[in-house]
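**Q** Before I ask anything, let me first share the structure, which is written out below as structure tokens.
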């Protein structure tokens, strides 16, 4: 078949003329003759082959027929003609023929053959799924759908009922089956629907043609049925029918069967039309009962048909009446004004504005455009308004994209002379662009006087200062001549400006230029300047936020829009600070490339390099160092000490790599090496030593890192510090440039130190050099009383026997030590100095101390260094006999020099005015010399002593008498 296709043919849409907007009236259109010729030309079969487009289908089966192909459209037009013939001939055959003549029979068979072919076509005709709107080309789906819908009625209509009627003995009931062929009239109805959608055909004419066709077809069927009723009575009763008894003037219809069929049809048609148009009784009227019943039914149907025809005709006429719509809207407006009692001037303005809308057609234009998609509306707005906005001075130099966004958001309005567009002091919600007309800006004074500020003509703008500066409108804008304005809402404009930053800055720049040249902006200079500062602050915030989020794309867009990359936030942080703290290498590299200051300092004294060090971002640190970044760490000592105290080796390493001075000291002159040695962190200590930390540095109490290591039994640290000290001493003696600070102060390469002789009170000077090691000079070579703490510590390091192990402390002691304040500050009121030899001598006569686990720690290695070990004690603010459930936590403190200092500790730590110090056995302690290392002491007042119980009388008091310790009874 020529209609079949096995190719993919979807894409050619229906004829573009099937979406229409007809003219309101026939005036000004084609004449009737030209319309008819155009109609025949557009809908001829020949033209259908040439112009009707087609769609490509997706063939799932082997063959299918596209309903949008040109060949099928031509076939469909041929079917419309055949359906029109069949719909008209079927009632005529039923009423006027009892068996068709030969010519009509052949014609009837030909028509039925056409519709049989159409049945076959429908088995392959693709269709649109009403839910998915997809073209269904699957043969089983197509055939199943057709069989369930139209196949039975189409097949019954195609049967040769005339031949069946003749072959079955001319039974009358067989002839009723021909009415199934009226189902084909739906094709004619589809034709009229397409005719109404075609924009090339006047809608009014197409609608009238359809209504006339409906009226003619209904009367045609009624006429045929009227004649059928007259011919189905017995022959003797034919004179008792409407046509048998009819007498028109002198003409009689007694023998009406012999009258020409055309005259009989016209007579029947006349009766059907007059019956429909009148009440049913005129020149021709029903005679017998059957005719009366049919006439009643027909007249009832005519009432419905008449209402349909009159309603459609009225709708066609009223639909195009703009005057009627204007009258309705004006009447509603007047009712509203009367109901609310509006003043006369406002009433007049409202009526004039409504009249202006209908006279200019703006209301209809806006409603038409609002129904279109956004993309089409944007294109329409571009075509109408883009050239206007490009000439507005406020938008000079802005990008085409910015102008396009603004154009898409404007609305057109018209104003009559005398109307107020903007009221002075009102809210700033819109700005207006003058397309046509003249306005004036004026200032209304307190006394009501008006001062004209400027005159606005085409391509001017008003209301922009209030919108941009977010202030009340400074001027009143009044219309002088009929104006056509473009309104732009503040929210829409602000949204576009936020997206296009660079264009927003250009708009502000244009406004500033006006401020300098236009006198009307003189009084608003402060507001405009504030607007510029606010925009810059907002841009800086956006830049910092993009850097913090690592959004390099947004950051590039902001920088391209003119945003400054070095503007700091409220804490002085720049975008580079934030990016470095988060480790965004791409952002950091982009900011450096754009010229960001790598050494910017925030309010806390932090640099971008320090932020990267704290965050542990190795790649960022390297990138900043390669570009000349410095650490600029103001409180480097405190930061290093904290890192060393917590054993944060990685942080120390990053600080060292960033160039920090590892020998800086805190407020107690303690260095990070002191804390690392006291905490026993071998990794941190080795890192600091390898990085050049001063091993001879002393804190406020004269202790070095070695002192801390020895005091806290850090056996793993002592050899490391000893080796480092030996290396540094050799470098000092050889005059190496890497000598320590104290060594560089010596006038010679020889390090002098004082050592107490084991057997006496005199001192000797020790000299050391790189080549000869250490030698002890004679006593006479040393000045009397000379002290040099650095050399003394060197002597201790060089004479300490590190091979003798120091017993490790138990875990209980280690946990107790963590509570001490040694890690961050010196011991409270410590008196450690070179004058402790007497205490050392005193300790030599005491036995080794017991610790919590029962193990003993020998004091000899410490005493060999020339000083006594620092003692610790636990101070409790309650009586030792206090029940356990009433006891409180104590404090681990260094043993002070006097009992009064213990009382001070009690007051400051516990808020308690103590008067006595007791040991665990309730013995009163009168001297701190009796307090051993890790001993528990109790501070009490007189009331606690008095309430201690009867056992107090048996308690003794520990007191020092000479060189012996005795317990004296109470007096």
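Note that Cβ sites are derived from N, Cα and C of the backbone, with glycine treated the same way.
OK, TrEMBL features for this one:
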TRANSMEM  74-92  transmembrane segment
TRANSMEM  104-125  transmembrane segment
TRANSMEM  208-230  transmembrane segment
TRANSMEM  295-318  transmembrane segment
DOMAIN    394-514  domain 'Cyclic nucleotide-binding'
REPEAT    571-603  repeat 'ANK'
REPEAT    604-636  repeat 'ANK'
REPEAT    635-667  repeat 'ANK'
REPEAT    668-700  repeat 'ANK'
REGION    755-783  region 'Disordered'
DOMAIN    872-957  domain 'KHA'
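How buried are these features, and what lies next to them?
**A** If you look at the transmembrane segment (295-318), the same-chain residues 6 or more away from its ends with a CB under 8 A from one of its CBs are 204, 207-208, 211, 214-215, 218, 222, 272, 275-276, 279-280, 285-286, 324.
Beyond the ends of the repeat 'ANK' (571-603), by six or more residues, the same chain brings 543-544, 546-548, 550, 552, 555-556, 559, 565, 609, 611-612, 614-617, 619-620, 623-624, 627-630, 632 to within a C-beta distance below 8 angstroms of the stretch.
The average pLDDT computed for the repeat 'ANK' (604-636) is 87.
When the repeat 'ANK' (635-667) is classified with DSSP, helix, strand and coil residues number 19 helix, 1 strand, 13 coil.
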**Q** Would you mind splitting the repeat 'ANK' (668-700) into helix, strand and coil residue counts from DSSP?
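**A** So the counts come to 17 helix, 1 strand, 15 coil.
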**Q** Tally of helix, strand and coil residues over the domain 'KHA' (872-957) according to DSSP?
**A** 28 helix, 21 strand, 37 coil
